[in-house]
Amino acid sequence: MGLQKSHLTVCLPPSVPFLILVSTLATAKSVTNSTLNGTDVVLGSVPVIIARTDHIIVKEGSSALINCSAYGFPDLEFKWYNSVGKLLKEMDDEKEKGGGKWQMLDGGLLNITKVSFSDRGKYTCVASNIYGTINNTVTLRVIFTSGDMGVYYMVVCLVAFTIVMILNITRLCMMSSHLKKTEKAINEFFRTEGAEKLQKAFEIAKRIPIITSAKTLELAKVTQFKTMEFARYIEELARSVPLPPLIMNCRTIMEEIMEVVGLEEQGQNFVRHTPEGQEAPDRDEVYTIPNSLKRSESPTADSDASSLHEQPQQIAIKVSVHPQSKRDHVDDQEGGHFEVKDEEETEPSEEHSPETAEPSTDITTTELTSEETSPVEAPERGLPPAHLETTEPAVTCDRNTCIIYESHV
């Protein structure tokens, strides 16, 4: 009995490990099946863009390589389109010859050989598989490097520069010639015609004063000086602007100056006022200024006040009536005419000044401007001829009366 029990205990243990091994194998199989099923889901994916390129710049005549930069599983199928939407294909005969202009490489690469300026534009890559489709666009820019155009532009610039330089040199030469001619003409004008006109103006300026007193002589000198200064200014102005038409302008200006200076004024008549208590005869009511006291009759005249825009001068004329004694009357008849000294000296004005003059019956003062005068008809009887060559103060002698004119500015 004891031997049989020991044998049974030995035979039972081998069955337990077998069961454990079978169960382990079954578990491993199930785990393997589940793992394989999960792997099948992970391996499939839609296409994605892994890098984007905006544009590519290449020189004309070189090659351009454009990458689609797309990834997906299973493998993607790539197609390229140009800017007008045309599908780019590589012909079979071109493949046999080593490839044409458009070469489709693995991984979605497009190789453009011998790029021309007309190849510029946008290129679109379309990548697709069983899970989806995606596209990527790249712009191709071509640099134009033709040597003929560069030479053409250079030649055009050189020709334009040469023309401009020739025109500038010609203009400078013409200006220089005009300057010389203008200077010569101006010098000739002021040596001949201009000098004569200026000399006439100076002579007329010396005869500007119509009365002889210290103040009038000073006014004449000032006016003469201003006339000379104005003439010099005109000459300097003519020399400062070197243009040929200036010669005519200068002559016109000088002629206008002479015309302004040569304004002729009609005779000025003054009415004598009879002193109180005396009655003057009708024939002596009006006195006329002698021709010697009038302004010059020169065609160039004797005043430049209008050209200098000076204020009008006030002239006060004093008329004194003195009765003449019989003795003086006899002397006057024997002598014939009065002798009048030169008015440029100050002695006559001192002799007939109001301070040293004898008291007269009445003195009437009339103020007249050099521009506004009231002409009065002259009587039939004028002054003696001897007074036509005299200057202020003017002396008029009647039968029994001596009238002295004194003028002051």
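Numbers here mean position along the shown chain, with the first residue as 1.
From the backbone N, Cα and C atoms, a Cβ is placed for every residue, glycine too.
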If Swiss-Prot marks one of SER30, SER146, SER240, SER303 as phosphoserine, which residue does it mark?
SER303
Among SER118, SER213, SER292, SER306, find the residue to which Swiss-Prot assigns the annotation phosphoserine.
SER306
Based on what Swiss-Prot says, identify which of SER298, SER374 is the phosphoserine one.
SER298
Where Swiss-Prot marks N-linked glycosylation site, which residue is it, choosing among ASN67, ASN168?
ASN67
Lowest 10 Å Cβ neighbour count of the disulfide-bonded residues CYS68, CYS125 is held by CYS125
Helix, strand and coil totals (DSSP H, G, I; E, B; other) for the domain 'Ig-like C2-type' (47-141)
8 helix, 49 strand, 38 coil
Tell me, roughly as an integer, the mean pLDDT over the topological domain 'Cytoplasmic' (170-409).
54
